[in-house]
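S.K.: Have a look at the structure that comes next, please.
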Amino acid sequence: YNITIKGGKIPVPFRSWKEANFAKEITDIIESIGYKEPTPIQRQAIPIGMQNRDIIGVAETGSGKTLAFLIPLLSWIRTMPKIDNYSSDASDQGPYAVILAPTRELAQQIEEETNKFGVPLGIRTVVVVGGLSREEQGFRLRQGCEIVIATPGRLVDVLENRYLVL
């Protein structure tokens, strides 16, 4: 593969999902979805992300970039306390992560991939994009979630209207 890496103490890429040594819950989901082998960006980016390090990954559409950042993120979130959706206002407890996407379509694609892993792990995601009901999105945010996936304009909107507090 033609992979260029800059920086110090870069972890060794893994060659297979088994070699990655994820928590059993993550490995079980990967197997149930049917992902056979990690893509080049996943092989290199996931070990870096698992060390909680910053990374910029550039790869073609459909190369697995979303999963390359989601697995480290979800692995970390599953170790955190669940957001209590029974409190008077759970929105003041979270989210643990905000994923920004430039378009509604990309945000929805990221949500779909996130839910493949998040739902079985008990990690709740709310997508916050234009073109959908702001009030419905606000209601879901107030119920609490661990991850918000948003477009920049709608994120500013829900912050200004106090549906979400970061």
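A Cβ is built for glycine as well, from the same backbone N, Cα and C atoms used for every other residue.
OK, TrEMBL features for this one:
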DOMAIN    15-43  domain 'DEAD-box RNA helicase Q'
MOTIF     15-43  motif 'Q motif'
DOMAIN    46-166  domain 'Helicase ATP-binding'
S.K.: Who are the long-range neighbours of the domain 'DEAD-box RNA helicase Q' (15-43) in its own chain, taking Cβ under 8 Å and residues 6 or more past its ends?
M.R.: 1, 3, 57, 59, 63-65, 67-68, 71, 74-75, 78, 116-117, 120-121
S.K.: Count the residues of the domain 'DEAD-box RNA helicase Q' (15-43) that DSSP assigns to helix (H, G, I), to strand (E, B) and to coil, and report the three numbers in that order.
M.R.: 18 helix, 0 strand, 11 coil
